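K.L.:
A single structure is presented below for examination.
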Amino acid sequence: MAGRSGDSDEELLKTVRLIKFLYQSNPPPNPEGTRQARRNRRRRWRERQRQIRKISGWILSTYLGRSAEPVPLQLPPLERLNLDCSEDCGTSGTQGVGSPEILVESPAVLEPGTKE
């Protein structure tokens, strides 16, 4: 469950509980009061949320040795990607996506020099 060798599941769960507690300790602001009071409460709430995000990132990097940001997914080169409908077409709701059966010619309206 932890995803890295050396990390115990219990340590990960304890860290997640701590971060969850931090977020639960800062509920959304009360929507009552004057416009200025609501604006001030939202501003203070957003600042606390930013602090909680920073603290959560620090906790993850310090206790688990990983960053709060996800690791970017490595994609294959575009040259290796293709649309091939020769295998099992239509099972995922994409029937006819790769078949070039219908040819559409550009309409004469878009040709240069024609006016209505």
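We number each residue from 1, going along the chain as drawn.
Even glycines carry a Cβ here, placed using N, Cα and C.
Here's the feature list from Swiss-Prot:
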MOD_RES   Ser5  phosphoserine
MOD_RES   Ser8  phosphoserine
REGION    18-26  region 'Homomultimerization'
REGION    23-48  region 'Disordered'
MOTIF     34-50  motif 'Nuclear localization signal and RNA-binding (RRE)'
COMPBIAS  36-48  compositional bias 'Basic residues'
MOTIF     73-84  motif 'Nuclear export signal and binding to XPO1'
REGION    90-116  region 'Disordered'
MOD_RES   Ser92  phosphoserine
MOD_RES   Ser99  phosphoserine
K.L.:
Which numbers of helix, strand and coil residues does DSSP report for the motif 'Nuclear localization signal and RNA-binding (RRE)' (34-50)?
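P.N.:
Across the motif 'Nuclear localization signal and RNA-binding (RRE)' (34-50), DSSP assigns the residues as follows: 16 helix, 0 strand, 1 coil.
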K.L.:
As a quick check of your reading of DSSP, tell me how many residues in the motif 'Nuclear export signal and binding to XPO1' (73-84) are helical, how many are strand and how many are coil.
P.N.:
3 helix, 0 strand, 9 coil
K.L.:
Taking every residue in the motif 'Nuclear export signal and binding to XPO1' (73-84), what is their average pLDDT?
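P.N.:
Average per-residue pLDDT within the motif 'Nuclear export signal and binding to XPO1' (73-84): 73.
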